[in-house]
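Heads up: the structure comes next, in structure tokens.
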Amino acid sequence: MAAEMDWDKTVGAAEDVRRIFEHIPAILVGLEGPDHRFVAVNAAYRGFSPLLDTVGQPAREVYPELEGQQIYEMLDRVYQTGEPQSGSEWRLQTDYDGSGVEERYFDFVVTPRRRADGSIEGVQLIVDDVTSRVRARQAAEARVEELSERYRNVRDSATVMQQALLAASVPVVPGADIAAEYLVAAEDTAAGGDWFDALALGDRLVLVVGDVVGHGVEAAAVMSQLRTALRMQISAGYTVVEALEAVDRFHKQVPGSKSATMCVGSLDFTSGEFQYCTAGHPPPLLVTADASARYVEPTGAGPLGSGTGFPVRSEVLNIGDAILFYTDGLIERPGRPLEASTAEFADLAASIASGSGGFVLDAPARPIDRLCSDTLELLLRSTGYNDDVTLLAMQRRAPTPPLHITLDATINAARTVRAQLREWLAEIGADHSDIADIVHAISEFVENAVEHGYATDVSKGIVVAAALAGDGNVRASVIDRGQWKDHRDGARGRGRGLAMAEALVSEARIMHGAGGTTATLTHRLSRPARFVTDTMVRRAAFQQTIDSEFVSLVESGRIVVRGDVDSTTAATLDRQIAVESRSGIAPVTIDLSAVTHLGSAGVGALAAACDRARKQGTECVLVAPPGSPAHHVLSLVQLPVVGADTEDIFAQE
């Protein structure tokens, strides 16, 4: 019988060991049993959670908000299997100190703790709070986003190539919300064989996910040809079966395309019928409105060249039901048996849909975006991934009713329309860039109706209407009952507004008649797909809290502007610029970062200020971050604009 260990001699005196454990600067935690009850914590942990009395408490009771963020699942695996686990820069949201839920990032190692007989009694964690490091990197990445397009394209050449071959966006349609994410496994295999598509065809929506055997440029070339061939067939109105049969015939002309797999589904907007074919591809995951998840039945079709034909099956999707298409990289993950991995995917998606899983802080407004992004991050961060991953998700929704506004033809009409139009466009799911473009164009139409159509204020003189069609296009109109009156030529800024409106949207027309003027626009809506090389990477998109009230703050050589700069406020800005710059003699910087709308009148004032500075040999610097409404408009009219902190970025680089 082995001699009992002399703990004092081998490990150290108990009091010394406890004191050393207490003063180690890393967070150390000991948990016991299947419920992971706290049995030991050191000073670093208590300093991190000073108000929580944890010893003796189960971890799930101490941090209930972590349920569904995959941390407890990891502790369970270590306790059950004895295999250590680790995480790098895991994002976790919970109440750490009794002050409310907050988001922090951690590196950690979880290892089993065994009894003398070898059985596992608990787990222990070594944890490092790396929140400051992650946020500093994220801030640097956000600043880099403000560099020139040339610099970004060089830095992200692999992603740019992927976006050139794949669908860069998904449509916005009245009967469904759509989201897509493409996760690149590694930089040197960025040109892979996965692809996705979403086609809005008026009465139906077609979703496609496919996978070509292999990686690299050859697989990407094959993928691109198959994607184009299938897209042409679907766009021509052929059924799912007919389109797949045509691509199966075509694949014989494309070396390397045999055994490519596809999953194609078609949603009828009216009935909710979802017809699909799994051509050698994993079946979609259906997450119902009540947050239950199941895989739909495979249809029995094989990959291209298999000769099995392309039978289809149907499901009826109710309002709130979501369907998730994916490639095998999502379920064939390192260290996970396929059966366990597919079950984990379904369970996680269901918990996120129910609200019990996933992240709660800064969550996307649309449930489908949260389902996509949280599923990828939480599913893959515990195992990693060694293949590209595509996730295309769609949730059926009730269509938003068309917009109809009747308002008085007054100088404030455009401001009233902008507020209601922004709200309606956000409700139908439009991206912020499309919202800015449409709001700008309609605002110009309304201002022209007031200025050119009526000599005085007219009650209910303007009608604005907008609707989203099943082909993904917004069609909007501004109608007045006045008689069009041209202004004299040569007036500063005249004629710029309608030209800007036409440039911002897909199509714009103005028709004058005896009964008034009708201005119409058609604009195709889309939302960008997300292309990343790391589930933790979240590109900084321009985010702006809408406060359209015009405010300008003037300090030495600098004017900071917030809100809408339109025909009613541009004159104020023009005067402030003239005074601060002494009519162009003194240099001036105009910060437009918080501008919510920059109309043609505002552009005219800024153009005049730049022209005065040029003639006087001084500078008028316009500042607006890329993605902001002001940056978008100024780039369109080719007025020089710089992003915030651009000079500091170049100095750092």
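The backbone N, Cα and C atoms fix where each Cβ goes, and this holds for glycine too.
Some features that Swiss-Prot has for this protein:
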{"type": "MOD_RES", "residues": "T54", "note": "phosphothreonine"}
{"type": "MOD_RES", "residues": "T81", "note": "phosphothreonine"}
{"type": "DOMAIN", "residues": "86-142", "note": "domain 'PAC'"}
{"type": "DOMAIN", "residues": "177-396", "note": "domain 'PPM-type phosphatase'"}
{"type": "BINDING", "residues": "D211, D328, D387", "note": "Mn(2+) 1 binding site"}
{"type": "BINDING", "residues": "D211, V212", "note": "Mn(2+) 2 binding site"}
{"type": "MOD_RES", "residues": "T299", "note": "phosphothreonine"}
{"type": "MOD_RES", "residues": "T390", "note": "phosphothreonine"}
{"type": "REGION", "residues": "397-544", "note": "region 'Anti-sigma factor kinase region'"}
{"type": "MOD_RES", "residues": "S506", "note": "phosphoserine"}
{"type": "MOD_RES", "residues": "T520", "note": "phosphothreonine"}
{"type": "DOMAIN", "residues": "546-653", "note": "domain 'STAS'"}
{"type": "MOD_RES", "residues": "T568", "note": "phosphothreonine"}
{"type": "MOD_RES", "residues": "S600", "note": "phosphoserine"}
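Features recorded in Swiss-Prot, as mapped to the structure shown.
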residue : record                : DSSP (3 states)
T54     : phosphothreonine      : coil
T81     : phosphothreonine      : helix
D211    : Mn(2+) 1 binding site : strand
D328    : Mn(2+) 1 binding site : helix
D387    : Mn(2+) 1 binding site : coil
S506    : phosphoserine         : coil
T568    : phosphothreonine      : coil
S600    : phosphoserine         : helix
Candidates T54, T81, T299, T390, S506 (modified residues) - the one closest to D328 (Mn(2+) 1 binding site) by CA: T390
Residues satisfying Cβ distance under 8 Å from T568 (phosphothreonine), sequence separation of at least 6: I411, N412, R415, F550
Distance, D211 (Mn(2+) 1 binding site) to S600 (phosphoserine) (CA atoms, angstrom): 47
Fewest other Cβ within 10 angstroms of its own Cβ, chosen from the binding-site residues D211, D328, D387: D328
Cα-nearest neighbour of D211 (Mn(2+) 1 binding site) within the listed modified residues, T54, T390, S506, T520: T390
Residues flanking the Mn(2+) 1 site, with Cβ no more than 8 Å from the Cβ centroid of D211, D328, D387 and excluding those residues themselves: G193, D194, T327, G329, L330, E332, D388, V389
Euclidean distance between Cα atoms of V212 (Mn(2+) 2 binding site) and T81 (phosphothreonine), Å: 35
Most Cβ neighbours inside 10 Å, all chains, among the modified residues T54, T299, T520: T299
Which listed residue (T390, S506) has most other Cβ within 10 Å, given these are modified residues: T390
Candidate with the highest Cβ count within 10 Å, taken from the modified residues T81, S600: S600
Assigned element (helix, strand, coil) containing T299 (phosphothreonine), judged by DSSP: coil
Residues in the region 'Anti-sigma factor kinase region' (397-544) grouped by DSSP into helix, strand and remaining coil: 47 helix, 48 strand, 53 coil
Proximal but sequence-remote residues of the same chain as V212 (Mn(2+) 2 binding site) (Cβ under 8 Å, at least 6 apart): G193, D194, W195, A219, V222, M223, L226, G256, S257, A260
Secondary structure content of the domain 'PAC' (86-142), with strand meaning DSSP E or B: 12 helix, 34 strand, 11 coil
Overall pLDDT of the region 'Anti-sigma factor kinase region' (397-544), taken as the mean: 85
Between S506 (phosphoserine) and T54 (phosphothreonine), the C-alpha gap once rounded to whole angstrom: 59
